[in-house]
């Protein structure tokens, strides 16, 4: 007479190692971002003089790497170790942290839609504040140059915003050779030229507006960004929805694994 053995609850290996594998990648990406951020700060001498963090008048792009890298590192660590060691505390922390990020993203999206005019004004102030600090930090300078080249724009709402910078303003007291000019990233590109002419923006704003349009981009970066957003709204919305679904999926998997672990422990 053969007896039937009762098979108790088990932890799903598929869910466990899927969460582990996904978060290992996330963890290493976080370490890479943090490493890039710390390396950039070391190159600037920030690590040897922490007080210099507050010296920059504009936005330091290195903060993006440090913040994003820090969040990815914490999430990756909690998800990876929590799944591998079947640690319910870390898995619950992973779920809650991911849920908070999802809630903040959702809130930011709603607020951006409701207060879009206010967001537009803040973006204008943000860009102009960084225009003032254009020469203060090489990373900020590269970010502004990339933005203006990519969007084919100049300043927040136009080339005259560069009057805010001490090197490019048109005042009589400005002895800079760049006086009444714009950075090279504002210049229209000639496909026949392989070498970038870094002096192409000199004296550009002293010319009549009709002549300016031939030499430099006259549209501001805020209107150009709005236009790009309208033209690519479906793609942008799809990306955000995809990220949101991945976050929900991650929360559900982590909670499912927690339930399996607690069920197994309860059967002991």
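Any Cβ shown, glycine's included, is placed from N, Cα and C.
Under the topological domain names given by Swiss-Prot, residue 60 lies on the same membrane side as residue 218.
The feature transmembrane segment, as given by Swiss-Prot for the ranges 18-38, 39-59, sits at 18-38. Within the set 62-82, 125-145, the record from Swiss-Prot flags 62-82 under the feature transmembrane segment. In terms of Cα distance, the recorded positions that sit within 10 Å of residue 200 (disulfide bond) are 186, chosen from 153, 170, 180, 186, 221, 232. Neighbour counts were taken at the CB atom with a 10 A radius for the disulfide-bonded residues 186, 187, 200; the maximum falls on 186. Nearest by CA distance to residue 232 (N-linked glycosylation site), out of the recorded positions 153, 154, 169, 170, 187, is 153. Around residue 180 (disulfide bond), a 10 Å sphere centred on its CB holds 19 further CB atoms from the protein chains shown.
Ranked by how many other Cβ atoms sit within 10 Å of their Cβ, the disulfide-bonded residues 153, 154, 170, 221 place 170 at the bottom. With the fewest other Cβ atoms inside 10 Å of its Cβ, the least crowded of the glycosylation sites 169, 174, 232 in this structure is 232.
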